[in-house]
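Below: one structure, written as structure tokens.
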Amino acid sequence: MIRGYGRQAVQAAEGPALSAGRPLMRWAAGGVAAAVRGELDGLGVPRSKARVLVLVGGGNNGGDGLFAAGLLAERGVVVSALLVREQVHADGLAFARRHGVRILVHAPDGAPALREEDSAGEAHSPIPDGVAWVREASLAQVWVDAMAGIGVRGGLRGASAAVVGVLDRLRQGQVRPARRVIAVDTPSGLSADGGVVSGPVLRADRTVTMGAMKAGLLLPPAAGLAGRVEVLELGLEPEFAAQAALVERLEAADVARLWPVPGPGDHKYTRGVLGVVAGSGTYPGAAVLTVGAALRTGCGMVRYLSKDGAVADRVLDHYPETVTTPGRVQALVLGPGLSDERDQDRVRERLAEVDELADAAGTPPPALVYDAGALSVLPQDPQVNRRRRAVLTPHAGELAELLSARGTPVDRARVEADPARWVRIAVEVTGATVLLKGAVTLIAGPSQAFDGGKGIRTGEVGLLSQADGSPWLATAGSGDVLAGILGALLATSEAPVPLLAAMAALVHGRAAHWANPGGPVTPSDFVRALPGTLAQVLTLR
Ligand SMILES: NC(=O)C1=CN([C@@H]2O[C@H](COP(=O)(O)OP(=O)(O)OC[C@H]3O[C@@H](n4cnc5c(N)ncnc54)[C@H](OP(=O)(O)O)[C@@H]3O)[C@@H](O)[C@H]2O)[C@H](O)CC1
Ligand SMILES: [K+]
């Protein structure tokens, strides 16, 4: 389980250690220097030819960068430090100078013109705009972004923003076999508290974040600018454990421990029965994908309940184990491949039938997955949806449509600019758990502390972020598969719905990856890959 923390929690966790004199900054700098050396090695750059540019801000983030610069210079790397503030971390600057780091001082008027310091630290007259530092940037194989970390306020502005603009142009313009950008703690300009991007950001290939994961690095769209994120342990785990996280991310080992694995006493009914109302004359394949995904995720039985004989035949051709007679279900998937008014009436009819059966048997109404065409038949009353375990699986456009239809006007672009905000609003408006599909899938739900045993404490936050897929997953039918996986889990497990939704998202992404690592994949491929993927995940129990 990865927990993402905001600025306040980080400062609260770091405070006592800093007061106790623990050299956190030195440790942080050591981690950054090691990451830079790793990138140089990865690029095959010999020490003798290695050049690094460190962008240094006026706070402790810049301090991390300056100490890292000194550590690299000590090991023979040619390091320049571009100070984007007149005042920088004094000890860090002294350390960097002492180890031969070349200091480039930013002109006070904020333009990217610079003054070059001589060895005595005396600043020369301003050198022509864009010469020394841009030349150094063009020669360096690694740029280290230490302009701002969790102390940033709002979007990057002033000299830092100007430097990002120049580097972006340099990056685009210059054909260079390889250059890597390493962000210190966070890419400068990103907030630790959220995923909104409100100014220029130097996209990183790798982020070394200190002490614990920052929430902003788990939340889109910011998460897309951080590259590969690694947490540099600073020995603060107990301090962070006492802090409230803003977002959580399940890992495969968590899914393994939470997965409803059948026991010797189980039979098809105790393993959970899932009903599927999906597929139509227009999109019969959606039914096949959803049923197939549910069967291969491993529930006790799948009832295909759409009374469309032709589609039912197609499903049975692929999955003869599908049951097509009505009967009680513990969960129901509504909507994949349904698109028009007639379909929506059929959803309402099927839903009424399964509720009646549950009522007659005195059992709770089935949990519900509302996908695609069924989103518009979600009951208006949030209390109704809150009472039954309901989860919606929209993409950003469907979420915008759903909220606008319920009196909260918003468009797709605004949802995509701050998805964490809008997925939470959707939970308030609908009363259901909401899984918002995207490159990073967000799940928000009624926060409900859950102890899954085996050390899994989750749910208090009410927001989960899963990034297990790849762009290859963005293909027609992918959502049908996810709905099937999620439905099977809801039919089989009593764990909180947000957790099951995050588990489904993780398995969905991993199955797509394992179906064809790094290459194109069809939803049918990843349906086939589900059993193997699950078996592989379950080895982590
Ligand atoms: N405390 C420690 O020993 C450790 C801290 N870690 C590192 O420190 C940072 C947090 O450092 P902090 O000094 O609180 O703030 P930052 O350095 O992150 O940011 C302040 C600088 O950023 C500039 N700033 C702020 N907002 C903007 C903006 N919108 N645009 C441009 N620049 C901005 C600010 O400039 P001002 O002019 O506003 O003063 C400062 O220059 C943390 O992230 C870690 O990297 C260690 O990792 C652990 C030990
Ligand atoms: K930074």
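Every residue gets a Cβ built from N, Cα and C, even glycine.
Keep in mind it's a predicted model, so treat the numbers as computed, not measured.
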Lys437, Gly438, Ala439, Val440, Thr441 bind AMP per TrEMBL; candidate in Gly397, Gly477, Gly479 listed for that same site: Gly479
Nearest recorded site to Gly438 (AMP binding site) by CA-CA distance, among binding-site residues Asn60, Asn61, Gly63, Asp145, Ser188: Ser188
Which of Gly63, Gly438, Gly479, all binding-site residues, has a Cβ with the fewest other Cβ atoms inside 10 Å: Gly438
Euclidean distance between Cα atoms of Ala439 (AMP binding site) and Asn60 ((6S)-NADPHX binding site), Å: 32
Binding-site residues: Asn60, Asn61, Ser188, Thr441 - member with fewest neighbouring CB atoms within 10 Å: Asn60
Residues flanking the AMP site, with Cβ no more than 8 Å from the Cβ centroid of Lys437, Gly438, Ala439, Val440, Thr441, Gly479 and excluding those residues themselves: His395, Leu436, Leu442, Gly469, Ala505
